[in-house]
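Beneath this line is the structure, given in structure tokens, with notes to follow.
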Amino acid sequence: MSTPTLTPTRPDPSAPGAALTQRRSRPGELAFRVAMQSCLAVAFGVLASLLGWVLIKGWNRLDSRLWTEMPTGLTSRLDTAGVQSALVGTVWIISLVAVICLPIGVLSAIYLEEYANNTRWYNRLLELNIQNLAGVPSIIFGILGLGIIARTLGLGFTVITAAIVLSLLVLPVVIIASREAIRAVPQSIRQASYALGATKWQTVSRQVLPSAVPGIATGSILALSRAIGEAAPLLVLGAVTFITFNPDGLDSAYTALPIQIFTFIARSQSEYTELAAGAIVLLLTIVLAMNSIAIFVRNRFEKRW
Amino acid sequence: MSIRDVSAAASPPENESEVTTVNPDTTSRPAVNIAGVQPAAGHQPRPTTPVMELSGVSVYYGAYEAVRGTSMPIQEKQITAMIGPSGCGKSTILRSLNRMNDLIPGARVTGSVTYHGQDLYAKEVDPIEVRRRIGMVFQKPNPFPKSIYDNVAYGPRVTGMKVANMDDLVEKALRDAALWDEVKDKLKTSGLSLSGGQQQRLCIARTIAVKPEIILMDEPCSALDPIATAKIEDLMFELSNDYTIVIVTHNMQQAARVSHYTSFFTAEVDEKQERHGRLVEFSPTGKLFTNPTDKRTEDYITGRFG
Amino acid sequence: MTTSTRSAGSAAGNTLRRGRRRPVESIVQVLLVAAALVSIVTTVGIIIALANPTIEFFQQVSIVEFFTGTSWTPTFLQKAYGVLPLVSATIVVTVIALVIAVPIGLGSAIYLAEYAKPGTRKVLKPVVELLAGVPTVVYGFVALFALNPLLQKWWPTENGPGFQNLLIAGIAMGIMIVPTIASISEDAMSSVPRSLREGAYALASTKMQVSTRVVVPAAISGIVAAVVLGISRAVGETMIVTIAGGLTSDRVVFNPLEGAATMTAFIANISSGDIPVGSLDYDSVFAVGALLFLITFALNAVSIRMVRRFREVYE
């Protein structure tokens, strides 16, 4: 390597001691990076412009009429139409889903994480069953509601039927999120509690659950927000009419925001399109606000043990 | 894998410094001059009666026998140390003394562990009652993510102790754990805000708040610095006036400093290449460190091991 | 200082027998098991709800006709019960959705996991998760009223896209599942241990080489699980195809510029009308539902297995 040469040659870049500053240009690298970056940019760009378009489309309807007025099927009265009954229906349904789904979901998660012996076949089956339910299309839950809850159990096309169906639909979400939160509580906390003579339930209720609350809350809010946006099961459950009164009980007929939006879309007049856009902005505001709270709770209170 | 390989790999680093200071001629002499161990190692045991008796205790995880045939007494209001290389089953045996092994799926204990003559593993025994009488302090300080006060009050609350004045009880427990002066002005702050050594003393305070009879300590100082360790050791000796203490430690000098009795465990490899923990020797600490009966004990404490 | 009625000494020698009844513990156990049974009951309920009408359906329609017939017209005078038109429309929409969502989703995931600065990632990842929560009726709306007019403007020929068509439904669905695929594959890529990346960098690999030859292969089962989940969501998605996909089902449609009913769109359409219980029309909803359930069940099984594998490797 130290042989003197008369003709100047390019230094061998692989020679020991060759300068490290010779930056080899790598066009492929840059192209790849740009490509990956543009994937994300496209994803965000398209979604942002679509949401922006909805906002512009519905701009004229974004006033108090939206929540003070009832929906109408009469084109002549469209000026004074809103989605109050749908908004109230959604509030009814979601409150019921919270009451039905959250306790069952959290208790199931406690069972699976703290009590179940997962070497037993039935507990493994239970776990697989929940994972599978999480992937069953929502319209199938609508069929469950139609065939069993509305007809066989005779609950009809009512608020409570809708709430039960949506509860069962988002139950796996609550269970899976709660299990992860419970699993993240370190074993040493449980052992310390047992070593002081605490019973299993004392340990779970006084140590494990309080520590798992942020994770459980995040999963629960995400689940509820998903339930708010679900339209398909309610479509099967006969919620597609113009309901001009607010639900007044569990056995009341109802409509809900996503279903009301679908009903508006099905009408061809452009006033309905605007009304649909306005209602979508309302729906998105609720759903995205809930999701933001959930993600904030998770990032803020996430415990690092 | 021979025993030598296993134990050499498993031998804790603290011992290495000893190895270098040990006189190469120790083979021919009783091992009385181990660095850091005074000739009169250990506290003089007081004549007491055993509160617990292990006889032929084996612990299994599934089909695997982790520790084999252990028999030893636990003397009342004395400190009993368990030493030995990693994987020799000393922690496993410790956890069988208050049925913490129940919490590990597939764990099983055979032989007999008695507490005041009662079989700890009898069908009608309530493991929760057992743990109330026999408390435990863990390797890593594990305060609950609650206030210092609530950490100490947790045990009395869950066990339904009839407490006249919880404030007094908390103060007494913190005083007994030599932590009161450091935390009396911040009882409402989180237990996690304390330093490692303080956290461990909080865990001890939490344990004595339920007034157990026996305290099990599973390498309580292994996560602490030497100063915090010294404080805990002083505390242990103090506590042995009122409590029976069993401590697992991988630090021989610690065992020699604090305990009245010492049991030495080791790991053996059987013909199927499976490792099993085994109790080699149980003696008053002074005797074990100065005049061990078993060759393996002598090799271990002189740092030549195996 | 005596603060307790019990003292250390008095406990000694006390019996360890189960003196105290702990009724709360037993009640809690019963409650927990009952709660856990709800999900089992749900699955059993779904199967029962689907089974009875499906069996009735197949008493009147032969299985061969169902699976091989190329016309699905339960509401016509001339009734035909061949499910292929619904299945083919579902496949067309799903394939279009995947063609869009897989590259964009994976690219976004690679960027987030390998290129984005920690600060950027911390902001963008939650936004991606946030977008995964947009209700599907919204995608249906924008597909019909925003995307399709654009498509028709760019494609102004005679045989251009109709008012409702499979292409626009597929595109909207693709946009919908991008956040799902991106988020799950990003999780899989981030859980690839640092040591693996460092090993490759130490061999003088470039970032692209590390991403494509080390991280992606190592995370492959998580990525496959994300894609399979995407397929499962596309197959089961209802609102987009009902709004923007069209209703034709009397023949098999492969041209994405035409409208056609998918399995879910058919169920939604017919069951939201008034159909007499026990009629063949009513039963046909459940037969299609059963087929849909079986398809998604198979997809879920694959996805669950894949997720388990990547958990096993690195957790």
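Positions of Cβ are set from backbone N, Cα and C atoms, glycine also.
Features of the protein shown, as given by TrEMBL:
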{"type": "TRANSMEM", "residues": "C:27-51", "note": "transmembrane segment"}
{"type": "TRANSMEM", "residues": "C:80-106", "note": "transmembrane segment"}
{"type": "DOMAIN", "residues": "C:87-303", "note": "domain 'ABC transmembrane type-1'"}
{"type": "TRANSMEM", "residues": "C:127-147", "note": "transmembrane segment"}
{"type": "TRANSMEM", "residues": "C:167-189", "note": "transmembrane segment"}
{"type": "TRANSMEM", "residues": "C:210-231", "note": "transmembrane segment"}
{"type": "TRANSMEM", "residues": "C:284-302", "note": "transmembrane segment"}
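Of the candidate ranges C:167-189, C:210-231, C:284-302, C:167-189 has the most C-beta pairs within less than 8 angstroms of the transmembrane segment (C:127-147). Nonlocal intrachain contacts for the transmembrane segment (C:80-106), taken as residues 6+ away from its ends with a CB within less than 8 angstroms of a stretch CB, comprise 61, 65-74, 166-167, 169-171, 173-182, 185, 223, 226-227, 230-231, 234-235, 241, 245, 248-254, 256, 260-266, 284, 287-288, 291. Ranked by Cβ pairs under 8 Å to the transmembrane segment (C:284-302), the stretches C:27-51, C:167-189, C:210-231 are led by C:27-51. Residues of the same chain lying 6 or more positions beyond the ends of the transmembrane segment (C:27-51) and with a Cβ under 8 Å from any Cβ of it are 286, 289-290, 293.
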